[in-house]
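First comes the structure, then the notes that go with it.
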Amino acid sequence: MEIFLQADTWVALLTLTFMEIVLGIDNIIFISLVAGKLPKHQQKKARIGGLTLAMLTRVLLLLGITWIIGLTKPVLTFGDFDLSWRDIILLAGGLFLLVKSTLEIHHKVEGQHETEKEIKVKSFNLAIAQIVMLDIIFSFDSILTAVGLTTQVILMIIAVIISILVMMIFAKAVSDFVNNHPTIQILALSFLILIGVMLIVEALHYHVPKGYIYFSVFFSLAIEMLNMRYRKKNV
């Protein structure tokens, strides 16, 4: 454990942890929306259970980092265009987010509200599966980016554990805020559509700077917060 006596180690760990937390924002939003579909008494269990399984999955992926890097090798070729397993996974994840978020927005806009009975029919296991599946897809880019920052797998694992614990702490607050404000729900779903499009574009080898996406989301959120405050003052 001599690496922890080096300043570079702590800089790398802080950088990795910050990156994992920032990249986990979309994850928290998705978890909030999925858990919000469950009965109240199952929502906390879904958030904690989903994030715990997601953490274990990420650790396993990091332990198999050589296999992960191998997924970037082309498996399909169409003329000058190569497609790797990573591209296929990102494409599938992007399409899933695009379809699911679009359908959710359609239900909310068309006023197809679910009754309490319909909500209870929602499968707890399905919610957990969706959370873990999307976390794996979101993990690929962060893991590959982490490899470029450090070669120490132990640092990557510690960063993942810290970031997941931070998500667990703030997941309830984010979930309550999102689920108690319909306009924020629409904004969150629109953000997931944006993430879905980004995953599809990334799968097609077009790089999209994530900073632009996060800026647009935070700007939209700031405007909506001002609108909410204005409406509250004028009620």
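Cβ coordinates come from backbone N, Cα and C, glycine included.
What TrEMBL records for 12-36 (among others) is transmembrane segment.
Feature annotation from TrEMBL assigns transmembrane segment to 48-71 (among others).
Annotation source TrEMBL lists transmembrane segment at 83-103 (among others).
Here TrEMBL flags 124-147 (among others) as transmembrane segment.
Beyond its flanks by at least six residues, the transmembrane segment (153-174) meets 3, 9, 12-13, 16-17, 19-21, 24, 27-29, 31-32, 44, 47-48, 51-52, 54-55, 58-59, 62-63, 65, 143, 146-147 of its own chain at Cβ-Cβ distances under 8 Å. According to TrEMBL, the transmembrane segment annotation covers 153-174 (among others).
Residues 26, 29-30, 32-33, 81, 83, 87-88, 90-91, 93-98, 100-102, 104-105, 108-109, 137, 141, 178, 213, 216-217, 220-221, 224 of the same chain sit 6 or more residues outside the transmembrane segment (186-206) yet have a Cβ under 8 Å from a Cβ within it. The transmembrane segment annotation in TrEMBL covers 186-206 (among others).
With a threshold of 8 Å between CB atoms, the same-chain residues lying at least 6 positions outside the transmembrane segment (212-230) that come near it are 22, 25, 181, 183-184, 187, 190-191, 194-195, 198. Summarising the annotation, TrEMBL assigns transmembrane segment to 212-230 (among others).
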